[in-house]
Amino acid sequence: MWWLLALVCLTASGAGGTPCEEARMRCAYRAGCGAALNNYMYLCNEVLTKPISSCPNECGHALIALTSTEEGKELMNCQCEDEYCLEAKQRIDVCRPLVMRGAANATASCRLSQLICLADAQCATALRYYKELCRSVYRGRKCSNKCLNSIQILRKQEKAAALQACHCDGNEDYDCPKMQNNLARLCFHKHSKNLTNNYQRGYEERHKKHHPQVVSSASSVTTFSALFILCTFFMIKQNT
């Protein structure tokens, strides 16, 4: 359980930075950054709990989303104050190459594009309405006026830019090619060039593995309140 105290300090800098606990709290209680931090804690669990030679895609994506927020950037440059924080930084360093590549091309993965949107409170809200109002599109039925309106609102969000041109790679927690094809056909009266039979079969093979659910902004503050209590209790026990 020690890594719960240090997992936010993955790229801590030297002296002069904000203390990591202070930076963590600032991020945790901001809706967008709190959701991104919660996703990082969940999706990078394997990296933070045992030595590994390569960074899982989902962890790298969570890190990119976290650093897309102002509070997340501060968190990445925070100052470690104990050995647990420093150890977490060393463990997560394996993800550095993946993060640098992914940050330069956010449209390479629709899952990454979604995580970046969820790290922004306004974009996350727009995405939530889009998912609720466009269910009939996913089912291949129709594109309602409410759905079209939610798409237009989502497109106006700065952090949703990558979603408009993202590529399905099998790491999404939904049938990405099907949704893109239905959107093009039902809402914009176009036919997606991505959805061929061979592509669909290949996507389905990649999509067979388990895809953990990401956290939206709405639930992040409650989750972090509970984690803060757990971490405080652990630190008290360590000092007694």
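Every residue number used here counts from 1 along the chain in the order it is shown.
Each residue, glycine too, has its Cβ placed from N, Cα and C.
Under the heading signal peptide, TrEMBL lists 1-17.
What TrEMBL lists as domain 'GDNF/GAS1' is 110-184.
Taken from TrEMBL, the feature transmembrane segment covers 214-236.
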- [ ] List the helix, strand and coil residue totals of the domain 'GDNF/GAS1' (110-184) as derived from DSSP.
- [x] 54 helix, 0 strand, 21 coil
Task: the domain 'GDNF/GAS1' (110-184) [mean pLDDT, rounded to integer] - done: 92
